[in-house]
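The structure appears below as C-alpha coordinates.
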Amino acid sequence: MTSSHNNLLQNFQEYLSVEKGLSDNSIYSYGYDLNKFKNFLEKEHIDFLKVQADDIMRFLNEEKDRKISSKTIAREVVAIRQFYKFLKDEKKLDTNPTEKIETPEVMRSIPDYLTQDEIEELFASIKEDNLYELRDKCIFELLYSSGLRISEACNLRLNDMDLEGMTLTVEGKGGRQRLVPFGEKSLDILNRYLKQSRPFILKSRNCEYLFVSKKGSYINRKSVWRLLNHYIKRTSILKKVTPHTLRHSFATHLLENHADLKSVQELLGHIDIATTQIYTHMANKTLREVHKKFHPRG
(Lines of atoms letter the chains of each structure in order from A and count residues from 1; the text may use other names and numbers.)
(Lines give C-alpha, C1' and ligand atoms only; values in the text may rest on other atoms or scores of the structure.)
Protein backbone atom coordinates (compact mmCIF):
# COMPACT_ATOMS: atom_id res chain seq x y z
CA MET A 1 0.00 0.00 0.00
CA THR A 2 2.83 2.38 0.91
CA SER A 3 4.40 2.08 -2.55
CA SER A 4 1.15 2.79 -4.41
CA HIS A 5 0.39 5.71 -2.09
CA ASN A 6 3.84 7.18 -2.71
CA ASN A 7 3.40 6.85 -6.49
CA LEU A 8 0.08 8.72 -6.40
CA LEU A 9 1.61 11.49 -4.27
CA GLN A 10 4.59 11.76 -6.61
CA ASN A 11 2.30 12.06 -9.65
CA PHE A 12 0.30 14.77 -7.88
CA GLN A 13 3.41 16.75 -6.95
CA GLU A 14 4.64 16.54 -10.54
CA TYR A 15 1.25 17.88 -11.68
CA LEU A 16 1.51 20.78 -9.19
CA SER A 17 4.94 21.67 -10.53
CA VAL A 18 4.52 21.16 -14.27
CA GLU A 19 0.88 22.01 -14.85
CA LYS A 20 -0.07 24.33 -11.99
CA GLY A 21 3.31 26.04 -11.78
CA LEU A 22 3.39 26.13 -7.97
CA SER A 23 6.52 27.15 -6.10
CA ASP A 24 8.76 24.55 -4.44
CA ASN A 25 7.55 25.78 -1.02
CA SER A 26 3.88 25.30 -1.98
CA ILE A 27 4.56 21.81 -3.35
CA TYR A 28 6.45 20.92 -0.16
CA SER A 29 3.51 22.17 1.91
CA TYR A 30 1.03 20.02 -0.07
CA GLY A 31 3.34 17.02 0.29
CA TYR A 32 3.77 17.55 4.05
CA ASP A 33 0.00 17.73 4.65
CA LEU A 34 -0.77 14.77 2.40
CA ASN A 35 1.93 12.65 4.04
CA LYS A 36 0.22 13.23 7.40
CA PHE A 37 -3.05 12.08 5.81
CA LYS A 38 -1.28 9.10 4.21
CA ASN A 39 0.14 8.02 7.58
CA PHE A 40 -3.34 8.20 9.11
CA LEU A 41 -4.80 6.05 6.31
CA GLU A 42 -2.04 3.45 6.57
CA LYS A 43 -2.54 3.24 10.33
CA GLU A 44 -6.24 2.59 9.61
CA HIS A 45 -5.44 0.21 6.70
CA ILE A 46 -7.35 2.36 4.20
CA ASP A 47 -6.30 2.72 0.55
CA PHE A 48 -6.09 6.22 -0.99
CA LEU A 49 -8.49 5.14 -3.72
CA LYS A 50 -11.09 3.75 -1.29
CA VAL A 51 -11.32 6.76 1.03
CA GLN A 52 -14.79 7.94 2.09
CA ALA A 53 -15.80 11.36 3.40
CA ASP A 54 -16.12 9.84 6.91
CA ASP A 55 -12.45 8.78 6.80
CA ILE A 56 -11.37 12.33 5.99
CA MET A 57 -13.54 13.73 8.79
CA ARG A 58 -11.99 11.28 11.28
CA PHE A 59 -8.53 12.47 10.25
CA LEU A 60 -9.55 16.14 10.66
CA ASN A 61 -11.13 15.42 14.05
CA GLU A 62 -7.91 13.74 15.18
CA GLU A 63 -6.06 16.90 14.14
CA LYS A 64 -8.47 19.01 16.22
CA ASP A 65 -7.98 16.69 19.21
CA ARG A 66 -4.23 17.20 18.88
CA LYS A 67 -4.82 20.98 19.16
CA ILE A 68 -3.66 21.64 15.60
CA SER A 69 -4.56 25.23 14.64
CA SER A 70 -7.67 25.88 12.56
CA LYS A 71 -5.49 27.59 9.94
CA THR A 72 -3.37 24.44 9.53
CA ILE A 73 -6.47 22.22 9.34
CA ALA A 74 -7.95 24.51 6.68
CA ARG A 75 -4.73 24.13 4.69
CA GLU A 76 -4.90 20.33 5.06
CA VAL A 77 -8.48 20.29 3.75
CA VAL A 78 -7.36 22.27 0.69
CA ALA A 79 -4.48 19.82 0.07
CA ILE A 80 -6.72 16.75 0.38
CA ARG A 81 -9.43 18.34 -1.78
CA GLN A 82 -6.96 19.22 -4.56
CA PHE A 83 -5.38 15.76 -4.40
CA TYR A 84 -8.72 13.99 -4.87
CA LYS A 85 -9.76 16.43 -7.57
CA PHE A 86 -6.54 15.48 -9.38
CA LEU A 87 -7.24 11.74 -8.95
CA LYS A 88 -10.76 12.17 -10.33
CA ASP A 89 -9.51 14.23 -13.30
CA GLU A 90 -6.92 11.51 -13.98
CA LYS A 91 -9.80 8.96 -13.93
CA LYS A 92 -8.39 7.09 -10.94
CA LEU A 93 -11.72 7.70 -9.16
CA ASP A 94 -15.34 8.13 -10.22
CA THR A 95 -16.21 10.49 -7.36
CA ASN A 96 -14.34 12.96 -5.17
CA PRO A 97 -14.81 12.02 -1.48
CA THR A 98 -14.17 15.63 -0.41
CA GLU A 99 -17.26 16.97 -2.22
CA LYS A 100 -19.39 16.77 0.94
CA ILE A 101 -16.73 18.35 3.14
CA GLU A 102 -17.17 22.05 3.74
CA THR A 103 -14.60 24.15 1.93
CA PRO A 104 -12.71 26.51 4.24
CA GLU A 105 -12.47 30.16 3.30
CA VAL A 106 -8.99 30.69 1.84
CA MET A 107 -7.50 33.53 -0.15
CA ARG A 108 -6.62 32.57 -3.71
CA SER A 109 -3.28 33.90 -4.91
CA ILE A 110 -3.13 35.67 -8.25
CA PRO A 111 -1.05 33.60 -10.69
CA ASP A 112 1.94 35.13 -12.45
CA TYR A 113 1.85 35.84 -16.17
CA LEU A 114 4.05 37.25 -18.93
CA THR A 115 3.47 40.67 -20.48
CA GLN A 116 2.94 40.83 -24.23
CA ASP A 117 6.52 42.13 -24.65
CA GLU A 118 7.85 39.19 -22.61
CA ILE A 119 5.88 36.75 -24.76
CA GLU A 120 7.48 38.25 -27.88
CA GLU A 121 10.94 38.07 -26.27
CA LEU A 122 10.42 34.40 -25.41
CA PHE A 123 9.29 33.48 -28.92
CA ALA A 124 12.14 35.49 -30.49
CA SER A 125 14.65 33.42 -28.47
CA ILE A 126 13.61 30.19 -30.24
CA LYS A 127 15.41 29.46 -33.52
CA GLU A 128 13.00 28.19 -36.15
CA ASP A 129 15.79 26.94 -38.45
CA ASN A 130 16.45 24.23 -35.85
CA LEU A 131 13.74 21.59 -36.39
CA TYR A 132 13.55 20.62 -32.71
CA GLU A 133 13.20 24.26 -31.71
CA LEU A 134 10.51 24.69 -34.38
CA ARG A 135 8.55 21.93 -32.62
CA ASP A 136 9.06 23.60 -29.25
CA LYS A 137 7.92 26.97 -30.56
CA CYS A 138 4.82 25.34 -32.03
CA ILE A 139 3.94 23.85 -28.61
CA PHE A 140 4.43 27.18 -26.82
CA GLU A 141 2.47 29.01 -29.53
CA LEU A 142 -0.57 26.79 -28.92
CA LEU A 143 -0.25 27.07 -25.13
CA TYR A 144 -0.31 30.85 -25.41
CA SER A 145 -2.55 31.51 -28.41
CA SER A 146 -5.20 28.90 -27.48
CA GLY A 147 -4.81 28.83 -23.68
CA LEU A 148 -4.24 25.07 -23.53
CA ARG A 149 -3.21 23.24 -20.40
CA ILE A 150 0.11 21.46 -20.87
CA SER A 151 -1.61 18.05 -20.51
CA GLU A 152 -4.11 19.05 -23.23
CA ALA A 153 -1.30 20.03 -25.63
CA CYS A 154 0.69 16.83 -24.98
CA ASN A 155 -2.42 14.67 -25.53
CA LEU A 156 -3.42 16.28 -28.84
CA ARG A 157 -3.70 13.77 -31.68
CA LEU A 158 -3.43 14.51 -35.37
CA ASN A 159 -7.15 13.97 -35.88
CA ASP A 160 -7.91 16.58 -33.19
CA MET A 161 -6.81 19.32 -35.62
CA ASP A 162 -8.95 21.08 -38.19
CA LEU A 163 -6.42 23.18 -40.09
CA GLU A 164 -9.02 24.53 -42.51
CA GLY A 165 -11.40 25.56 -39.72
CA MET A 166 -8.45 26.60 -37.49
CA THR A 167 -9.76 24.74 -34.44
CA LEU A 168 -8.60 22.04 -32.04
CA THR A 169 -10.78 19.46 -30.30
CA VAL A 170 -9.36 19.36 -26.79
CA GLU A 171 -10.07 16.87 -24.01
CA GLY A 172 -9.87 18.81 -20.76
CA LYS A 173 -10.25 17.90 -17.10
CA GLY A 174 -12.68 15.11 -16.33
CA GLY A 175 -12.76 14.05 -20.00
CA ARG A 176 -14.76 17.14 -21.01
CA GLN A 177 -14.27 18.11 -24.67
CA ARG A 178 -14.23 21.64 -26.04
CA LEU A 179 -13.50 23.28 -29.39
CA VAL A 180 -10.63 25.76 -29.22
CA PRO A 181 -9.78 28.19 -32.04
CA PHE A 182 -6.27 29.22 -33.07
CA GLY A 183 -5.01 32.12 -35.17
CA GLU A 184 -2.98 32.71 -38.34
CA LYS A 185 0.38 32.63 -36.51
CA SER A 186 -0.47 29.24 -35.02
CA LEU A 187 -1.65 27.94 -38.41
CA ASP A 188 1.59 29.04 -40.05
CA ILE A 189 3.87 27.40 -37.48
CA LEU A 190 1.68 24.27 -37.30
CA ASN A 191 1.98 23.80 -41.07
CA ARG A 192 5.76 24.20 -40.94
CA TYR A 193 6.03 21.82 -37.99
CA LEU A 194 3.90 19.19 -39.77
CA LYS A 195 5.83 19.46 -43.06
CA GLN A 196 9.40 19.88 -41.76
CA SER A 197 9.94 19.21 -38.07
CA ARG A 198 7.61 16.30 -37.29
CA PRO A 199 8.80 14.00 -40.15
CA PHE A 200 12.43 14.81 -39.24
CA ILE A 201 11.90 13.85 -35.57
CA LEU A 202 9.87 10.69 -36.31
CA LYS A 203 12.29 9.37 -38.99
CA SER A 204 9.64 7.21 -40.77
CA ARG A 205 8.09 5.99 -37.48
CA ASN A 206 4.35 6.38 -36.88
CA CYS A 207 2.72 8.22 -33.99
CA GLU A 208 -0.88 9.35 -33.56
CA TYR A 209 0.08 12.26 -31.31
CA LEU A 210 0.63 15.73 -32.72
CA PHE A 211 3.76 16.62 -30.73
CA VAL A 212 6.44 13.94 -30.81
CA SER A 213 9.71 13.22 -29.01
CA LYS A 214 13.02 11.82 -30.23
CA LYS A 215 11.80 8.38 -29.11
CA GLY A 216 8.96 8.52 -31.63
CA SER A 217 6.20 8.79 -29.02
CA TYR A 218 4.31 11.77 -27.62
CA ILE A 219 6.29 14.44 -25.77
CA ASN A 220 5.50 14.48 -22.04
CA ARG A 221 4.68 17.35 -19.68
CA LYS A 222 7.98 17.24 -17.84
CA SER A 223 9.96 17.53 -21.09
CA VAL A 224 7.97 20.60 -22.15
CA TRP A 225 8.55 22.18 -18.73
CA ARG A 226 12.33 21.60 -19.05
CA LEU A 227 12.40 22.97 -22.59
CA LEU A 228 10.54 26.12 -21.57
CA ASN A 229 13.02 26.69 -18.74
CA HIS A 230 15.86 26.31 -21.25
CA TYR A 231 14.46 29.04 -23.51
CA ILE A 232 13.59 31.38 -20.64
CA LYS A 233 17.30 31.38 -19.72
CA ARG A 234 18.00 32.91 -23.14
CA THR A 235 15.83 35.92 -22.26
CA SER A 236 15.94 38.74 -19.71
CA ILE A 237 12.78 37.38 -18.02
CA LEU A 238 13.37 36.88 -14.29
CA LYS A 239 9.94 35.49 -13.35
CA LYS A 240 9.41 31.80 -12.64
CA VAL A 241 7.79 30.60 -15.88
CA THR A 242 6.02 27.27 -16.37
CA PRO A 243 3.84 26.01 -19.23
CA HIS A 244 0.81 27.09 -17.17
CA THR A 245 2.18 30.66 -17.13
CA LEU A 246 1.43 30.81 -20.87
CA ARG A 247 -2.19 29.83 -20.18
CA HIS A 248 -2.40 32.54 -17.49
CA SER A 249 -0.96 35.02 -20.01
CA PHE A 250 -3.54 33.98 -22.64
CA ALA A 251 -6.44 34.73 -20.28
CA THR A 252 -4.96 37.97 -18.94
CA HIS A 253 -4.21 39.40 -22.39
CA LEU A 254 -7.73 38.59 -23.61
CA LEU A 255 -9.27 40.45 -20.66
CA GLU A 256 -6.83 43.36 -21.02
CA ASN A 257 -8.13 43.72 -24.56
CA HIS A 258 -11.76 43.72 -23.33
CA ALA A 259 -12.83 40.14 -24.07
CA ASP A 260 -15.94 39.20 -22.08
CA LEU A 261 -15.50 36.92 -19.09
CA LYS A 262 -17.98 34.27 -20.28
CA SER A 263 -16.09 33.75 -23.56
CA VAL A 264 -12.76 33.48 -21.73
CA GLN A 265 -14.33 30.92 -19.38
CA GLU A 266 -15.41 28.79 -22.37
CA LEU A 267 -12.01 29.08 -24.07
CA LEU A 268 -10.22 27.98 -20.88
CA GLY A 269 -12.66 25.13 -20.24
CA HIS A 270 -13.56 26.30 -16.72
CA ILE A 271 -16.80 24.88 -15.32
CA ASP A 272 -17.15 27.62 -12.70
CA ILE A 273 -16.82 31.25 -13.83
CA ALA A 274 -15.39 32.06 -10.38
CA THR A 275 -12.23 30.23 -11.48
CA THR A 276 -11.95 32.59 -14.45
CA GLN A 277 -12.67 35.72 -12.41
CA ILE A 278 -9.22 35.62 -10.81
CA TYR A 279 -7.84 36.83 -14.15
CA THR A 280 -9.94 39.99 -13.95
CA HIS A 281 -7.87 40.97 -10.91
CA MET A 282 -4.73 40.55 -13.01
CA ALA A 283 -6.14 42.66 -15.84
CA ASN A 284 -7.37 45.31 -13.37
CA LYS A 285 -3.90 45.46 -11.83
CA THR A 286 -2.43 46.22 -15.27
CA LEU A 287 -5.03 48.94 -15.85
CA ARG A 288 -4.18 50.51 -12.48
CA GLU A 289 -0.49 50.53 -13.43
CA VAL A 290 -1.30 52.24 -16.75
CA HIS A 291 -3.45 54.83 -14.95
CA LYS A 292 -0.73 55.53 -12.40
CA LYS A 293 1.92 55.92 -15.09
CA PHE A 294 0.05 58.00 -17.64
CA HIS A 295 -2.74 59.93 -15.89
CA PRO A 296 -1.90 63.34 -14.33
CA ARG A 297 -3.82 62.31 -11.20
CA GLY A 298 -2.44 58.79 -11.19
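Counting begins at 1 with the first residue displayed.
Placement of Cβ uses the backbone N, Cα and C atoms for every residue, glycine included.
According to Swiss-Prot:
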- ARG149: active site (ACT_SITE)
- LYS173: active site (ACT_SITE)
- HIS244: active site (ACT_SITE)
- ARG247: active site (ACT_SITE)
- HIS270: active site (ACT_SITE)
- TYR279: active site, O-(3'-phospho-DNA)-tyrosine intermediate (ACT_SITE)
- 3-88: domain 'Core-binding (CB)' (DOMAIN)
- 109-292: domain 'Tyr recombinase' (DOMAIN)
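Projection of Swiss-Prot feature records onto the structure.
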residue: ARG149; record: active site; DSSP class: coil
residue: LYS173; record: active site; DSSP class: helix
residue: HIS244; record: active site; DSSP class: helix
residue: HIS270; record: active site; DSSP class: coil
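Most buried of the active-site residues ARG149, HIS244, ARG247, judged by other Cβ atoms within 10 Å, is ARG247.
The average pLDDT the prediction assigns to the domain 'Core-binding (CB)' (3-88) is 90. Sequence-distant neighbours of LYS173 (active site): residues of the same chain at least 6 apart with a C-beta under 8 Å from its C-beta are ASP89, ARG149, GLY269. Around the Cβ of HIS270 (active site), 17 further Cβ atoms fall within 10 Å across all displayed protein chains. In this structure, the CA atom of HIS270 (active site) is 12 Å away from the CA atom of ARG247 (active site).
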